[in-house]
Amino acid sequence: MSASVTQPAKSPAAVNPAADSLLLHVCCGPCSIMPVRRLQDAGYAVTAWFMNPNIQPLGEYFRRREAAGECAERLGIPILYEDAPWNLVEWLRQVAGRDLPPERCGWCCTSRMEATWAAARVMGYAHFSSSLLYSRYQPHEVIAAAGFRLCGLDVPAALSPAPPADADAARAPSGTAGPRFVYRDFRTDWQAGIDVSLDWGVYRQPYCGCVYSEAERYHKKLQRLAAASGGKLPS
């Protein structure tokens, strides 16, 4: 399952070249809260990176972008926005043929992990990770496996059925070029992240991101409406 690596539109040299620097891909504001806190607790200097061409429609993208910025401000970290990759027509072209959620979602998450690794390398970050590892609804093992492969590590056997509890990229072989992957199973903080986001009053999205997930989220409601009016939709 390969995906093209998106290079950052602007590549400031060595934005944060310190040994503890970490570029964290953030899929949305609420999902970023606990990953940032846990990584800070572990001693990493975190910069958030919002790059999500899968978030559709564009109005929804803007809402989540704003929420990500609000959370970054509350957490006291910088955030970088990579808006250039958003292109609905191109995204739909790339996802064509990946009709079922496992393949489609796996491709989507893997492509964003690859883009994060590429951006971290160009900008001089020592490490990278993603808030996608926080969600209970994302293909966690696929996301983690992509991170390990990108920094030259063998994917741990423990990734099936579940990844190891913690696996810092310091385990990468010497001489491996590029940033190191920092793995954490942020799902253990699932409820804590929900509680904080509710307390902060930040926007919490009702579906994953793409138009497919939006349709899946509301399809049962559409079926009920169709049944009530005497019609029937395919399941």
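Cβ atoms are placed via backbone N, Cα and C, with glycine included.
These numbers come from a predicted model, not from an experiment.
The [4Fe-4S] cluster binding site feature in TrEMBL is assigned to CYS27, CYS28, CYS105, CYS108. Sequence-distant neighbours of CYS27 ([4Fe-4S] cluster binding site) (same chain, six or more apart, CB under 8 Å from its CB) are ASN52, ARG112, SER130, SER131, LEU132, SER135, GLY209, listed in sequence order.
Note: CYS210 (disulfide bond) has non-local neighbours ASN54, ILE55, GLN56, TRP91, VAL95, ARG104, CYS108, i.e. same-chain residues 6+ apart with C-beta under 8 A of its own C-beta. TrEMBL lists CYS208-CYS210 with the feature disulfide bond.
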Cβ neighbours within the same chain of CYS105 ([4Fe-4S] cluster binding site) - under 8 Å, at least six residues apart: GLN138, PRO139, CYS208
Fewest other C-beta atoms within 10 angstroms, as judged across CYS28, CYS108, CYS208, which are the recorded positions: CYS208
Cβ-centroid neighbours of [4Fe-4S] cluster site CYS27, CYS28, CYS105, CYS108, 8 Å, sequence order: ASN52, ASN54, ILE55, CYS109, ARG112, LEU132, SER135, GLN138, CYS208, GLY209, CYS210
